[in-house]
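TrEMBL annotations:
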DOMAIN    311-383  domain 'DUF1736'
REPEAT    499-532  repeat 'TPR'
REPEAT    580-613  repeat 'TPR'
REPEAT    682-715  repeat 'TPR'
TRANSMEM  39-57  transmembrane segment
TRANSMEM  131-151  transmembrane segment
TRANSMEM  163-182  transmembrane segment
TRANSMEM  188-208  transmembrane segment
TRANSMEM  220-237  transmembrane segment
TRANSMEM  286-305  transmembrane segment
TRANSMEM  372-391  transmembrane segment
TRANSMEM  403-424  transmembrane segment
TRANSMEM  430-449  transmembrane segment
TRANSMEM  458-476  transmembrane segment
Amino acid sequence: QICNQHNAEAPNLEQVFHRMAQTEPNLDHDISWFLLPSYWAKIVVALISFLCFANSYDGDFVFDDSEAIINNKDLRAETPLGDLWHHDFWGSKLSSNTSHKSYRPLTVLTFRINYLFAGGFYPVGFHVINIILHCTISVLMVDVFSILLGGLQFSNKGRRLNLAPKTSLLAALLFAVHPVHTECVAGIVGRADLLCALFFLLSFLGYCKAFRENKEGHNFSIFWVLVSVILGAVAMLCKEQGITILGLNAVFDALVINKLNVLELIQKLLHKDKSLENAGLLRKGLLFRITLLMSGGASILYIRWRIMGTGPPAFTEVDNPASFADSLFVRAINYNYYYSLNAWLLLCPWWLCFDWSMGCIPLIKSVSDWRIIALAALWFCLIGLICQALCSEDSHKRRILTLGLGFLIIPFLPASNLFFRVGFVIAERVIYLPSIGYCMLFTYGFSLLSKQAKKKKILAVAVLGILLINVMRCALRSSQWRSEEQLFRSALSVCPLNAKVHYNVGKNLADKGNQSAAIKYYREAVRLNPKYVHAMNNLGNILKERNELQEAEELLSLAVQIQYAEQSYWTAIKHRKKYPDCYYNLGRLYADLNRHIDALNAWRNATVLKPEHSLAWNNMIILLDNTGNLAQAEAVGREALGLIPNDHSLMFSLANVLGKSQKYKESEALFLKAIKANPNAASYHGNLAVLYHRWGNLDLAKKHYEVSLKLDPMAPGTKENYNLLRRKLEQLQKKGG
């Protein structure tokens, strides 16, 4: 179906495309690079991308592959195929509190097909598919970059023209050989990112096809716009980042198809310019297409939300320590530091690691930390690029920089901690899609340098050298992913503070009979994480065999204390199944060990056996609140109050959650109800004062701060908050006077 939209003031799309080719500068003109026919360019990219990762084809199942593949019951024939749509990536039910909430059924389906065709868990077939997927994606990148760098134009026969064959080949080669992609290609679990990227690119190319047939006015194919939305949904069913392509399609439409000048539009909006209709946003067709994209995206997200439930997964401090910092300043500084590290991995992918958790990157806690320089450098570069993207008089530069930044930033947003907590500090696999934007910006920068350089061939040789170094780095990194021993050892120099790395290296050595060498790594793992029970157990057993009994006894005793407490609770539960207090105490043990999901499950069991178990309900609300799962905390709090409506401690806990969710009126009502039931609780008055303080009711805040301090002069934080409020009131009085 072709939708015909007419606008007397808007130019014909065919004329727009023709004029684009005539008037816009050609990036290829100034660079000294290979000019190949399209099919040869794609063959070269495919061969080089294959060369980079070919040596990973016979690797083992390593790291997360065990959980996602070997231990995942969804791969086996006896598991009904329909279960894939109700389970997460790791085979757990999405409704379970232990679920990781990673909903990627299409990726799991490909694993299942691999397993069935191979007749078992043979890794070669899994690796070969990953390599083929990356080669296919790299070939598609030639077409994608030709559009992003050269613009979108079709011949009279409807064939898309490549207006930037040299730069699109260079950008595709940079993408194909980037070492940061090794985790996605050589690690089988990375197939989620590869499949997501494949359908992400197909969605983009499908959207471009919507403008292929041009007759008169703004003609576009609704069919291809809808196909693009469907492919975006498929990408999301492979991995969550896939949904971001719909936003990028909208950006592309506005900048390339409608030639929207963002700065001009903002200025007209601010000045309420009556000529806004001609600014591009209100041209017939653009709003309709963006509405289709937004409606499709909203529908996809709603369906996913219905399937997986409202609550995000409960991660631990070990997974993402910055997100558990009490100070907003510390969280913001460290998130930005993580962004700078991701940017550095794109620029200089030399320090690569399979796992960046468990203290690998110490928190920045003050502005005196020298690592603040990395944040400043990142934002200096970003602000510079954004200013050029918005303010440059060169429309070609504006378009390329905006699209480059869009492809760099938008696919990264789900991993940014901005919208929800993620379960990692840095994950190289999530940079697979953002690297498209990096390769685009690098290539554009190379073309600008070539334009200024007198000796263009020297610059071309330098870029060729970068490509060759990246090919060698990919081959080396792929060989490290072939076995767990090589993979874990490769991480020692990158993340020496990661206890898990040392433990895994030690375990590999011990399994091979090299106990003397294993001791060193187990000791370091215990030093870095004094509650690392597995490391304590393994080290203690080795020392016992070597007759170093005193240290062995100390380690095993400490491990046993932690394990025995857990085992004792389970033994008690085994002999007396309806034992809610035992489940409650087990939950407290798990919470102390930062095993948050186990703690929530234990407390949930306590409330199932004893619905009026106030302490278990309260601990669930508090833990969910502290881990940032406010929606789930609110749901649990409401459920608890429905069963125990007069419990003031539950009212207090739920009121805190509602206050953080900015539901001030409902929070206030619960605080007042809790205070009526227990008027002498200083914390109740103190937290109500904080609510009023946030809400802007300063007089009531002052009143309840004073009551709280009268009841407990040493109440933590209350005195500081009260002093802040007094200073604010004094400033307001001075202004009023």
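Just so it is clear, glycine is given a Cβ too, placed from its N, Cα and C backbone atoms.
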Contact set, same chain, for the transmembrane segment (39-57): CB under 8 Å, 6 or more residues outside the stretch: 124, 127-128, 130-131, 134-135, 138-139, 141-142, 165, 168-169, 172-173, 176-177, 182, 185-186, 470-471, 474-475, 478-479, 481-482
Averaged pLDDT, computed only over the residues in the repeat 'TPR' (682-715): 85
Contact set, same chain, for the repeat 'TPR' (682-715): CB under 8 Å, 6 or more residues outside the stretch: 648, 652, 655-656, 659, 664, 667-668, 671-672, 674-675, 721-722, 725-726, 728-729, 732
Top Cβ-contact partner of the transmembrane segment (430-449) among 131-151, 163-182, 188-208, 220-237, 403-424 (pairs under 8 Å): 403-424
Tertiary contacts of the transmembrane segment (220-237) (same chain, 6+ residues out, Cβ under 8 Å): 1-3, 5, 13, 103-106, 195-200, 202-204, 206-207, 209-213, 243, 245-246, 249, 285, 289, 292-293, 296-297, 300, 304
Residues in the repeat 'TPR' (682-715) grouped by DSSP into helix, strand and remaining coil: 28 helix, 0 strand, 6 coil
Within-chain partners of the transmembrane segment (188-208) [C-beta distance under 8 Å, separation at least 6 from its ends]: 61, 63-65, 68-69, 89, 104, 106-107, 110-111, 123, 126-127, 129-130, 133-134, 136-137, 140-141, 143-144, 147, 152, 160, 224-225, 227-229, 231-232, 234-236, 238-239, 241-242, 244-246, 248-249, 252-253, 411, 429-430, 432-433
Three-state composition of the repeat 'TPR' (499-532), taking helix and strand from DSSP: 27 helix, 0 strand, 7 coil
